[in-house]
């Protein structure tokens with residue numbers, strides 16, 4: 001707000017109206033805010049003009065005047081987009097004295113750029129009063145975002161109502177929606193179309209504003225249009241989504257509307273409209289942005305996908321046969337695969353042509369960057385190699401190992417040149433001096449040692465440490481070294497004297513890595529406290545703290561200009577940070593396990609990373625940090641629970657990111673997000689009467705929330721458990737909830753009084769699951785003690801104990817008709833029990849890992865289960881046979897739930913996504929969130945595709961595509 005005074009003005013202007021129109025807690029979109037502001041702005045000017053006209057006893061229609069302002073601003077906003085200018089020029093302006101009017105001579109050749117503005121500055125027009133005058137003859141909107149809003153609505157109005165000539169002369173907008181629909185029927189049924197109508201309509205499509213210029217650099221315009229796609233407050237935009245899809249379809253026959261089609265794809269993707277299993281054979285969508293898109297099963301056969309961007313898109317089961325992929329962009333490259341153990345370190349050569357890596361497999365490998373091929377495998381260390389670095393001239397490599405040695409290698413021959421011995425414990429880090437004459441190493445033996453490269457002699461030892469030294473690095477001038485430790489401290493030392501210069505304190509856990517800025521004035525560090533920090537080298541003062549990683553930060557590196565830092569983490573992400581502001585610029589995902597090291601290439605064009613997944617990866621660092629097109633976060637961490645609302649219209653989800661979110665089942669859009677727990681939220685559930693939501697957490701509390709239309713309000717918290725809570729369940733009358741915990745207890749609560757009613761005790765270990773019977777008279781629970789227990793609600797008595805699982809029982813549930821009990825376990829099995837006799841009826845086996853969730857369908861005919869094996873399985877509840885296996889998640893599936901009708905299921909996963917599945921087609925309808933595994937191409941087909949580079953062909957093969 002401080003940096004953007006206009007935005008503060010905007011909010012203060014519209015806030016009273018918004019508060020009057022919407023209840024507190026209601027989600028209000030950006031487009032709604034700007035709609036209110038622009039209406040207010042037009043109203044101010046309309047009132048001013050009307051007042052003056054009244055003084056002259058002249059009447060003017062207020063609504064007509066405001067509509068004129070709106071049309072004028074929309075058209076001007078779009079023209080500014082076309083001209084790439086935020087300033088419009090009035091060439092026929094009055095001079096400062098107001099006595100003369102400048103007139104262009106007939107012989108004077110006008111400048112083309114100025115001509116485009118002439119129609120906006122008619123001498124008698126009042127419309128320009130809505131603009132901001134910034135010079136004698138220059139005008140602009142109040143803010144760039146206002147221009148973007150107007151340009152967006154110029155495009156929208158044209159899309160939803162193709163111009164009718166007769167109405168165009170009067171209003172410039174509106175065509176009968178049914179007429180348009182009738183004219184566009186050829187999109188869906190070509191055989192029944194009249195050729196003349198088709199020709200006429202396609203001619204109009206050619207002239208659409210959306211077909212004039214790509215919107216790829218116009219985040220603001222695209223966002224405004226995308227928000228209107230889901231605007232259901234009025235029927236005005238109800239057909240916007242279908243019209244955009246029609247434009248894509250039309251590009252099959254008329255390649256000249258490919259710009260409009262590409263823009264339509266980009267807008268729909270930003271709006272998060274599901275694309276799964278679309279038939280896009282033969283479409284022409286050059287330059288479309290499909291970053292982070294969920295494209296599972298889309299048929300792109302024979303399509304023109306030249307220069308389309310697929311950064312971190314999910315392309316599983318897609319058909320790319322005979323497509324044109326010239327210039328297609330995936331944002332990453334084929335990874336380097338060859339190490340047999342975790343890759344601990346990797347670094348570019350000074351010329352950027354080679355990479356050196358080291359691994360727990362005891363080897364060092366040299367790679368060709370362009371081909372991805374291994375040049376040499378260097379062996380010699382007797383244990384895990386922890387770090388490796390090129391010399392400044394690229395001719396030597398130094399390495400260190402758990403075998404307590406430091407070794408020097410010749411790059412050309414791969415031969416060992418020298419071994420430096422002196423450390424008596426694991427050597428954790430090693431670094432060349434800038435001149436290449438000295439090596440410094442650090443160790444778990446709490447020492448830093450300096451070595452002379454030529455002779456191999458130990459020059460100096462620094463021993464004044466209280467803990468293991470994790471990393472060490474020379475400053476750019478070679479006069480200082482920095483080191484970091486398990487004791488959370490960073491120190492700098494004078495190389496010549498060995499004296500400590502500065503001590504840096506602030507991290508709250510072990511510091512894993514450090515690096516000097518290119519000019520040596522700053523020092524960056526990363527830690528197991530999940531932060532990256534920036535320090536003044538001389539004073540030791542902390543300059544910046546970068547927050548965003550959700551787990552240990554293991555590596556970092558400065559860009560060549562020192563303006564950007566890249567970091568990597570155990571959370572499997574790579575993040576880019578702006579040094580000056582501390583703002584996160586971008587996030588990359590794709591590694592399957594923790595990332596150990598990250599580095600910019602010498603030219604800053606790519607980023608190198610290595611991981612415990614045994615791979616080395618290259619990423620394009622030249623992303624548009626300011627662009628938000630296609631980005632969609634969803635939950636920021638593992639999603640552990642999903643549940644349908646009783647009416648099936650919404651899905652609630654909970655996550656380790658400490659939030660609960662509500663999603664629309666039809667649109668997959670986020671309706672609300674709320675938090676209140678101090679630690680990870682482990683589950684969420686709707687009450688049967690839809691009035692309440694409960695959430696539970698590792699903070700030992702249960703949150704109770706009142707549900708309103710598109711908003712949620714906290715009622716209070718239930719406190720009584722002494723350890724993390726594992727499950728909460730509503731009674732059928734929504735009056736009570738039952739909860740279970742790691743404290744081995746089960747508690748019954750009255751949600752009206754927020755008081756504890758009764759406590760059930762008897763399990764000898766953590767209680768993982770608890771459920772009411774359908775009539776609310778019984779409770780069933782399961783535990784790490786391998787047992788299932790049945791309790792009487794009113795008396796609190798234990799009625800029966802079921803034994804059959806051989807390991808922890810994760811979840812248990814009554815069938816909707818109360819005739820059966822179903823349970824799932826860490827032993828990889830599902831047990832079905834008779835609820836009357838308590839006899840075990842069947843054991844369902846097939847999952848290959850722990851089963852996390854199990855549920856009967858509403859009609860009791862099916863059972864659904866999910867597992868750490870990344871699959872969802874559907875079973876016949878009468879024969880107990882496996883019916884189907886659903887695959888798509890890239891990590892553990894933590895929860896799966898039937899919809900109230902039983903025709904769809906929702907699932908959530910540690911891959912940070914939620915999926916909605918159709919049980920008729922057995923296909924995924926939509927996915928919320930972006931899988932941390934990043935770009936995925938499993939089972940996609942690419943035969944006959946043209947334009948892929950050799951590296952992209954390797955990338956497709958590595959990601960599971962079939963060439």
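Every residue, even glycine, has its Cβ placed from backbone N, Cα and C.
Taken from TrEMBL, the feature repeat 'WD' covers 336-377 (among others). Across the repeat 'WD' (336-377), mean pLDDT in this model comes to 95.
Annotated repeat 'WD' per TrEMBL: 378-419 (among others), in sequence order. Through the fold, the repeat 'WD' (378-419) approaches residues 341, 344-351, 354, 356-366, 425-432, 434-436, 439, 441, 443, 451, 453, 456, 471 of its own chain, all at least 6 residues removed from its boundaries and within a Cβ separation under 8 Å.
Residue counts of the repeat 'WD' (420-461) by helix, strand and coil are 0 helix, 23 strand, 19 coil (DSSP-based). Taken from TrEMBL, the feature repeat 'WD' covers 420-461 (among others).
Each residue of the repeat 'WD' (462-503) gets a DSSP state, and the totals for helix, strand and coil are 0 helix, 22 strand, 20 coil. According to TrEMBL, the repeat 'WD' annotation covers 462-503 (among others).
For 504-545 (among others), the entry in TrEMBL reads repeat 'WD'.
Marked as repeat 'WD' by TrEMBL: 546-587 (among others).
Sequence annotations record features per position, and here TrEMBL assigns repeat 'WD' to 588-620 (among others).
Residues or ranges marked as repeat 'WD' by TrEMBL: 632-673 (among others).
Helix first, then strand, then coil: DSSP counts for the repeat 'WD' (718-759) stand at 0 helix, 25 strand, 17 coil. The annotation repeat 'WD' is assigned in TrEMBL to 718-759 (among others).
Within the chain, the repeat 'WD' (802-843) has long-range Cβ neighbours (under 8 A, six or more residues past its boundaries) at 727, 768-775, 778, 780-784, 786-790, 849-856, 858-860, 863, 865, 867, 875, 877, 880. Per TrEMBL, repeat 'WD' is recorded for 802-843 (among others).
Counting residues per DSSP class in helix, strand and coil order gives 0 helix, 24 strand, 18 coil for the repeat 'WD' (844-885). Taken from TrEMBL, the feature repeat 'WD' applies to 844-885 (among others).
Here TrEMBL flags 886-927 (among others) as repeat 'WD'. Residues of the same chain lying 6 or more positions beyond the ends of the repeat 'WD' (886-927) and with a Cβ under 8 Å from any Cβ of it are 274, 276-277, 294, 296-297, 314, 316, 634-644, 646-648, 651, 653, 655, 663, 665, 668, 849, 852-853, 855-859, 862, 864-868, 870-874, 933, 936.
Using a Cβ-Cβ cut-off under 8 Å and counting only residues 6 or more beyond its ends in the same chain, the repeat 'WD' (588-620) has close neighbours at 312, 329, 331-333, 335-337, 339-348, 350-352, 355, 357, 359, 367, 369, 513, 551-552, 554-561, 564, 566-575, 930-935. With a threshold of 8 Å between CB atoms, the same-chain residues lying at least 6 positions outside the repeat 'WD' (546-587) that come near it are 509, 512-513, 515-519, 522, 524-528, 530-534, 593-600, 602-604, 607, 609, 611, 619, 621, 623, 625, 636-637, 656-657, 932. Residues 470-471, 473-477, 480, 482-492, 551-558, 560-562, 565, 567, 569, 577, 579, 582, 597 of the same chain, all 6+ positions outside the repeat 'WD' (504-545), place their C-beta atoms under 8 angstroms from a C-beta of that stretch.
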